[in-house]
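Here the structure is laid out as structure tokens; the discussion comes afterwards.
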Amino acid sequence: CFGFPLSIFFIVVNEFCERFSYYGMKAVLTLYFKRFLHWDDDFATAIYHTFVALCYLTPILGAIIADSWLGKFKTILYLSIVYTIGQAVLSVGSINELSAHNQSGSTSNKALNIALSLIGLILIALGTGGIKPCVSAFGGDQFEDHQEKQRSTFFSLFYLSINAGSLLSTLITPTLRATECGIHTKQECYPLAFGVPAILMAVSLAVFIIGSKMYKKVKPQGNIMLEVSKCVGFAIKNRFRHRSKEFPKREHWLDWASEKYDKRLIAQTKMVLKVLFLYIPLPMFWAVFDQQGSRWTLQATAMDGDFGFQIQPDQMQIVNPILIVIMVPVVDSLVYPLIKKCKLNFTPLKKMTVGMFLGSLAFVAAALVQVQIDKTYPVFPAAGHAQIKLINLGVAPATVQFQPQLQSVDVAPSGESGYMTFETSKLQSLDIISASLNKTESLRLLAGKRYTLAFKLNPTGNNSNLIQDNIASKPEDGKSLVRFINNLPFTVNVTMDNMDFEELDPFSVSNYSSIPKPDWSYTISASTSLATCTVRSKEFGFGGAYTISVNNCTANQLNITYFEDMPPNTVHMAWQIPQYFLLTCAEVLFSVTGLEFSYSQAPSNMKSVLQAGWLLTVAVGNIIVLIVAGASTIKKQWAEYVLFAALLLVVCIIFAIMASFYTYIDPNEIEAQLSEEEKKDKKDQDDKEKRAEADSRM
């Protein structure tokens, strides 16, 4: 078809569906850990990076299985089945009703959900990692030797399908997650967010199987990674055996493998190890880069995503693939030629060094954004202290004196004070004075808690209600919370659209409820058996908490007052774009150049060894993050960002020093020399055999 083997179209569609499945699932994973499984930020980050590390460790296993045992086709087929099962198990594991034992659907026992989720993730890591080194190579196998141009076009289409799958899934699955579903209670719809990627993976598997009769299937020919490992292992063992001084030294420690392995393999292994040595500092870059899906997503949950339309925190990751699509051609066609015209020797290793430096700057930018976010966080009481806020629901100003003679505060009618902090051992009571009326309220506050005192003094009677505010942090699901206080002299039933706050007696307060869509306006209704009054609410925003007093009703129009218990997110998500831009620049310089450099410095039959080494650096980088997340005693997130920026900067300097000692080689030239030497050795051997044969005749 158009000069291409028909089979490659099945492979491209297969890759698009698989990448959609993987990146779609991965985009919502951190928020699933935090909001559904209720893990804290550090543990959610650690498990996320454990999963990513597994995804980059298993390709080595997949490559060995494909090259030494099953072949690429069967490896892709069997591991895709494992992959599809894993996606299905994860989707089922995210169903809230599996662990819900009451009509509210809320429960602290998520053991079954956690078990199924972890089993699903392990199967996904085995599947996606196992097929990673096989699919592109299997596509390349479909072409004949004379189809170089078509093969090159295929790889362009192949990587386009990867980016398209990544971009679309990162946009779609967070939107699916943000929808609400459930039997007993409506929650974020993780079964749908994981279910769609599971369906796409099933489609990927089906498409791959449909094309099976068209594929060119190359038999396993042995794995070069095993040969290299055996060669290195034998050299080390042989050198250890001959460690005494009576044995003469050899030019290179790998030369100790010459008793068992030929010169060509030893020379090729030397070239590979020279590049792999440069890989040692690289994991630190990936430790920074892969935090887009963990720490940066968590950072976005505390930000305002209103772009005229609502952006979900996990959708901000889409900035990276969009910038990649734009920047790769711009850098290749404009930036590099401009640098060349300036006669600057911008070698691949220098590009990688600059990339690491930009990665460090990206985390400095993230730290600056985090400092601004921290300024918007409420300050909760420390040990031995409590906080109290005053709400005056009366029509006259009031003065409140905290006893014994601690502080005096004026509160306007229908007004509020901010939260005030007191030592619980000192604060005993407060006096409320409004016009000619006064009331004394005894206080017994618990340490570490927040309270709201709502009061109303009038000639017909004084009312007050001390409420413990059962919130100790920003809302975990990123939404806003609302509660109602009845400021009417009779009982009313309060609703907000389909949210029922039930009947409220005079001066009583409802519990906080989460607002399903904080960027929407709702109809607030207060009703009795005789009448119903309504009013449209304001848009609450994300991450806030509000108390709304129901005051009176005029011509069926409800009069309400808003009191802000916790401010909504005010730092805009757009402030994350600079850090994404810097990290994407870093990726273009580091990742694209790194692979290109590695391939240019290794023999053609050793590409898979370097690919395995490159993927291993990604895995180790993610292990570094989970170690830091698990062991770090740093309390402030901005300080952790600075720590990673500093570590990457130090590693960048080390890499620059290592790179300055590296000598670029031409593997083709070295292999040509080896071929000449082999021909000469063979000729010498043939001449020797001929002389020996002539001597025997004489």
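Quick reminder: no glycine exception, Cβ is built from N, Cα and C everywhere.
Per TrEMBL, the feature compositional bias 'Basic and acidic residues' maps to 676-698.
The region 'Disordered' feature in TrEMBL is assigned to 675-698.
The annotation transmembrane segment is assigned in TrEMBL to 46-64 (among others). Distant neighbours of the transmembrane segment (46-64): 26, 29-30, 33, 39, 75, 79, 121-122, 124-126, 128-134, 223, 225-226, 290, 293-294, 608, 611-612, 615-616, 618-620, 622-623, 625-626, 629-630; these residues of the same chain sit at least 6 beyond its ends, with a Cβ under 8 Å from one of its Cβ atoms.
Proximity of distant same-chain residues to the transmembrane segment (76-95), defined by a Cβ-Cβ separation under 8 Å and at least 6 residues beyond the stretch ends, is recorded for 18, 21, 25, 32, 36, 62, 66, 70, 112-117, 119-128, 130-131, 134-135, 138, 190-191, 193-195, 197-198, 201-202, 204-205, 208-209, 212. Residues or ranges marked as transmembrane segment in TrEMBL: 76-95 (among others).
Under the heading transmembrane segment, TrEMBL lists 111-131 (among others). Within the chain carrying the transmembrane segment (111-131), a Cβ under 8 angstroms from the stretch's Cβ atoms is held by residues 18, 22, 25, 32, 36-37, 51, 54-59, 61-62, 65, 75-76, 79-80, 82-96, 98-99, all 6 or more beyond its ends.
Residues or ranges marked as transmembrane segment in TrEMBL: 152-172 (among others).
According to TrEMBL, the transmembrane segment annotation covers 192-211 (among others).
If you look up TrEMBL, you'll see 271-289 (among others) marked as transmembrane segment.
The annotation transmembrane segment is assigned in TrEMBL to 318-339 (among others).
As annotated by TrEMBL, transmembrane segment applies to 351-371 (among others).
If one looks beyond the transmembrane segment (612-634) by at least 6 residues along the same chain, the residues whose Cβ comes under 8 Å of a Cβ in the stretch are 42-43, 45-47, 49-50, 52-54, 56-57, 59-60, 63, 132-133, 225, 275-276, 279, 282-291, 294, 594-595, 598, 640, 643-644. As annotated by TrEMBL, transmembrane segment applies to 612-634 (among others).
Beyond its flanks by at least six residues, the transmembrane segment (641-665) meets 271, 274, 277-278, 280-282, 284-285, 287-288, 291, 295, 347, 349-350, 352-353, 356-357, 359-364, 366-367, 370, 601, 628, 632, 634 of its own chain at Cβ-Cβ distances under 8 Å. As annotated by TrEMBL, transmembrane segment applies to 641-665 (among others).
Contact between the transmembrane segment (318-339) and the transmembrane segment (192-211) is not supported: fewer than 3 Cβ pairs lie under 8 Å, counting only residues 6 or more apart in sequence. Tertiary neighbourhood of the transmembrane segment (351-371): same-chain residues 284-285, 288-289, 295-296, 299, 571, 575-576, 578-580, 582-583, 585-591, 593-594, 597, 637-639, 641-642, 644-646, 648-649, 651-652, 655-656, 659, selected by CB-CB distance under 8 Å and a gap of 6+ residues from either end. Long-range neighbours of the transmembrane segment (152-172) within the same chain, counting only residues 6 or more positions beyond its ends whose Cβ lies under 8 Å from a Cβ of the stretch, are 4, 8, 11-13, 15-24, 27, 136, 139-140, 142-143, 196-197, 200, 314-315, 317-318, 321-322, 324-325.
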